[in-house]
Amino acid sequence: MRSSCVLLTALVALAAYYIYIPLPSSVSDPWKLMLLDATFRSAQQVSNLIHYLGLSHHLLALNFIIVSFGKKSAWSSPQVKVTDTDFDGVEVRVFEGSPKPEEPLKRSVVYIHGGGWALASAKIRYYDELCTAMAEELNAVIVSIEYRLVPKVYFPAQIHDVVRATKYFLQPEVLHKYSVDPGRIGISGDSAGGNLAAALGQQFTQDANLKNKLKVQALIYPVLQALDFNTPSYQQNVNTPILPRYVMVKYWVDYFKGNYDFVQAMIVNNHTSMDVEEAVALRARLNWTSLLPASITKDYKPVVQTTGNARILREIPQLLDARSAPLIADQEVLRHLPKTYILTCEHDVLRDDGIMYAKRLESAGVEVTLDHFEDGFHGCMIFTSWPTNFSVGIRTRNSYIKWLDQNL
């Protein structure tokens, strides 16, 4: 009996050691976040073991775990009709709010889910619930795109998928089928989906053949650049759940089918050192010492290497492609973008990407709402229902939907 108690105590201590990570007191629901992070880390370790044994690619294994525990069928309710279909060969899930006699035409949002270009799905519970809430509260048509993922495809295939599906949706006959007002359509996405939404928005402003333009774009903690992994938010949140810096850099390398040997060099900005000529000119477009306020920069110092590894950009030139890094786009491109909403979280390596993009858009004459949450963490907006319900998740979702309601 005594030995059983000792063993149980030891197991509890080990579990607590594994789960506990030091978190700022300002973060929302810290113990719940520790449990969520521990669950995700466990899934990552299982997928890495599967990869090591040669059974499957680690991202395929990890996504199988995520989707297996969270997949939801297209289930309609009296308030929202949900259907799975495809737009020009790209799978989508469509959420239609109930028709209202006083509003014969609905507004619409094309939504792109996050997941590091490699994980999640429009068909898992978190995104199904978000899009259902959007369709019901906005009385809108929400098109959630099931784009292809790494490692089955790599950049720029994900962009091609979201562009193709959105262009199909914007055809007059398709908008008529779903009773959508062509003048009230927005694009939105979170994390890597925010990256794809921003890239799509920039591409559409340059497409003279598009008759129906986007009215708004709403970007939720978007990832927008891969030139500087030492912005203040990257330095501040280097080991913060759910997206530590090392993991974000690996997502970038995976997106471009790059070499993992480059990860450590990229973490210290060796890929954009002063002797890498292609990067020097673009660095001015994300000079955070001028783009970020003093309340953000604090005492953090830029990390700029004098000499670095030129091989990284030779093998992964996509790092400097504005389609992958919308933050470095030309000012002329930014000038034509629609009214923009950007949501950022304090405890997120990507915080400064969003703040810098807001600043660049404002300088280009775009109307921008920057919605910052001091207790927010990366991914929080989709965590609104038990057992992963966070107070900041509910508040971010409500704030996001309220902005769409007022501006779309």
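Any Cβ shown, glycine's included, is placed from N, Cα and C.
On a predicted model such as this, the values are computed, not experimentally measured, just so you know.
Taken verbatim from TrEMBL:
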type	residues	note
ACT_SITE	SER191	active site
ACT_SITE	ASP348	active site
ACT_SITE	HIS378	active site
DOMAIN	109-261	domain 'Alpha/beta hydrolase fold-3'
DOMAIN	320-381	domain 'Alpha/beta hydrolase fold-3'
10 Å Cβ neighbour count around ASP348 (active site)? 27
Counting across all protein chains shown, how many other Cβ atoms sit within 10 Å of the Cβ of SER191 (active site)? 30
ASP348 (active site) to HIS378 (active site), Cα to Cα, whole Å, comes out at 5
Count of other CB atoms lying within 10 Å of the CB belonging to HIS378 (active site): 25
Mean of pLDDT values spanning the domain 'Alpha/beta hydrolase fold-3' (320-381): 97
Please list the DSSP helix, strand and coil residue counts for the domain 'Alpha/beta hydrolase fold-3' (320-381). 23 helix, 19 strand, 20 coil
